[in-house]
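What follows is a set of notes on a single structure, which appears directly below.
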């Protein structure tokens, strides 16, 4: 990355754009505008806002290219109508609101760095339904963009039972089953996740092939069936410390039959732990939000797999957003 003073100041102030976007999504202005052409006063009236404040927001969103403005009226761009309006099947606002809920902890990152302790509650522990919904459905937003590609590339056509450990709303299990008619799956996650998962699974007509099992993958006494021939661990290890993460991998391996395939999907650091950029920044996010969580290097993940009796480990040649990668192996 090349730096100069202009780039430095632009990066330092880039949160202004993030906050403008978050505000637009939180106040639902993109849905309110819909396919219409509305004045700032009309939008203000519909969201019970102040005309001056709403006008400033809409002008900023127009400057960012998320709204069009002509003759004093605001309209959605094709992009914003597709991804920022709740009337669209491709609505991405949930993950944006999850980012919004994280922002306060990032403004206090110095506290977490100095103390080594989290400065916010884990989403899984919160009693705020809106934050939990934003997180779970935000994960659905992200996974929906990559799951169809993974479903075609992972070679699950000869597998019959898949364990989606910590599977949240079940997005990956859904797409794996859609792409592999002979596959059934179990989503294992916390009780608070059940209603979101079952609703999402039912919307795809897969309730007869995808079940939900309540529990915590950190519980040493959990009893998982041991006849799975595939296990999918997507973005759950980074929330835990090295010892706990290794235990999770071991429990997943124990649930596999001999020859079963295990797949770990994570933001993977290089072995020096100083890149790529997103996994390195994500480690800070885990510092702020967890007691021991971190991003892991490929070498660390390989070590966990090998110690769990997994052989033929390879990093799959798949390009994913934010430098997420997949390690695959087989139970020996």
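Heads up, the Cβ atoms here are built off N, Cα and C, so glycines get one too.
What TrEMBL says about this one:
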- 238: active site, proton acceptor (ACT_SITE)
- 13-85: domain 'O-methyltransferase dimerisation' (DOMAIN)
- 127-309: domain 'O-methyltransferase C-terminal' (DOMAIN)
Other than its own, how many Cβ atoms are within 10 Å of the Cβ belonging to the residue listed as 'active site, proton acceptor'? 19
As a test of reading the model: what is the averaged pLDDT for the domain 'O-methyltransferase dimerisation' (13-85)? 99
